[in-house]
């Protein structure tokens, strides 16, 4: 056994030794082949006809060839035989040596490679024969330094053999075919793979050139490289106006440049409204109380960048299999809208589903897709600007659109994506629902709405009820003359204020019905006309025992603003929802309007009843598509940018408008509020926040309409005590009598009416307050 192991070990040693010698021999041959190739290449480069050579006999003292006389003979021989092909002969020899000796670690012997070597040798000969023949036909004697011909003697013989049969064109075609076959056999190159690789690189190069030169196809790229006069003769570029162009179905094949819409220049009215536009003592705030915007407004994108961005959008959509062309671009203060004309048969929903992928590929925070643009057959793609512009309250309130608005309930929402001011009328909404997450700009937008109301209306035109559970946002307006009651911070007081609004709504409806008018504008016009005619109308709802009833006065608009009504829904419960729905259904004609905001856009806060009766919504940035659908009944708010970026859904419209809300500084709000406090003192209405005990809403409204028990008046056993209490406290209201003596609303109302008839208290004034006329007993 030991002998066997020894024999086996000796045999393995011999195999390893032979393999090692074979490897070294192959490496040595490879080095010799490379050296021969380098020698021949240098000899060919330094060839000169004055040197001695194989094709001629000459005696010289000095050989010009760098490789000496041997190199001169060798170079002369190869050039004489194959002509210009001699210059690639060294490279072919080096390549053949590298192919033959490269796999030095293979276990197979050289004889097993003979079929492959024979094919490579055949390819080598085909390259020399076909290449030299082509050189002999087309190059000939171009270079006088050659010993014979551009194709050598071999090329001349091959050309003379084929030329009489196939002529020049046929001979060249046959030789090119054999040359390509020879390259394939010698190098192993696959022409199909080469063409496929060439096509892929050509597409990549085309995309790169398209982005750089503003083209999207080879046709576009070729035309973009032509002189401008040639381009004008080749194609007429359509001018895309503000109206939608009539695009044919193959519009994607047309050469078109997207229209870059110019930013609008806002018309600023510099003069101040220091005098009221109506009768009264109060004056409107001055615009100088607000901070003017900086004048250095720089565009976020230049026109060239917008053109390049348009092409990039088209290319990114093409990467996802969507063919589209940008036909118009609308740059704005915060976002830029690209209007896309989709190819025929492409659904807009495909683009919508790619919003996140497009945002990633375009390297932006978010992308919003507008599937329907009214009046146009395109879709919108909104991208955030790299430099965001700050929209200030001054530049919106100072615009011609706001200053020329006739309504006293004009709201300034901000600017749209094109930079145009968005001015709306609260009276036409007639109520507004605002929702958005914390930090999205909701409270700042409420301040902007409040300022736009205060800059349009005096206390004679507008009265406010502000509900602020946070005790921070709206408390700065405490003490302004527009308030009906101090800023409400307790949610139970807020419910009482809404109940008072219901009673006031019913009272106004009864007044309008008695005059035969349909809304508060008709009522005020009729009352004003009667006053100017010298025959004022009397209040039909109040009868006086002595003298005549009080005269009717114009009724102000009433706006209830709640910064967070979700707390009301939690604390008070379903009763608040019933009150809100009742006001939303009927209060428009009575001149009572609601603006409710919440940071919890959930179905338990924004209920179906509230949504059905408040069709106008403003959605700021939310965290999910579900929250967006809760507010707008559609997605989109989750793609907003925050900081005042909002979607405004107008009544009767299913397409929200993107608006950038104005930024209002705390200092500006303080200055305006202080100005209003100095101009006039507040005139609060007593009893608005008085609670009504356990009386439910139906009984409350029935009492407000005059129903219930007939007991009351001077015959009431509590009348004397009530008169004494009123004279002592110097305050009177139905709610205070009801709360003090624990009686029903209708009974307390009759006691107050009896006091008015007896001259103890004055008739109800325009703001609902009464004055105690009876002297104090002290």
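From the backbone N, Cα and C atoms, a Cβ is placed for every residue, glycine too.
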### Task
Identify the transmembrane segment range according to Swiss-Prot, selecting from 60-80, 81-101.
81-101
#### Entry: Range annotated as transmembrane segment - as stated in Swiss-Prot, picked from 146-166, 209-229
146-166
### Task
Fewest other Cβ atoms within 10 Å: which of the binding-site residues 439, 440, 441, 442, 443 wins that one? Let me know.
439
### Query
Ranking 28-48, 122-142, 146-166, 172-192 by Cβ pairs under 8 Å to the transmembrane segment (81-101), which is first?
28-48
### Query
Under 8 Å Cβ-Cβ from residue 444 (ATP binding site), six or more apart in the same chain: what's there?
644, 661, 663, 664
### Query
So what pLDDT does the topological domain 'Cytoplasmic' (193-778) average out to?
80
### Task
Report, as numbers and ranges, which residues of the same chain sit near the transmembrane segment (28-48): CB under 8 Å and 6 or more residues beyond its ends.
64-67, 71-72, 74-76, 78-79, 86-87, 89-91, 93-94, 96-98, 100-101, 145
### Query
For the recorded ATP site formed by 439, 440, 441, 442, 443, 444, which further same-chain residues have Cβ atoms within 8 Å of the site's Cβ center?
436, 438, 445, 620, 642, 643, 644
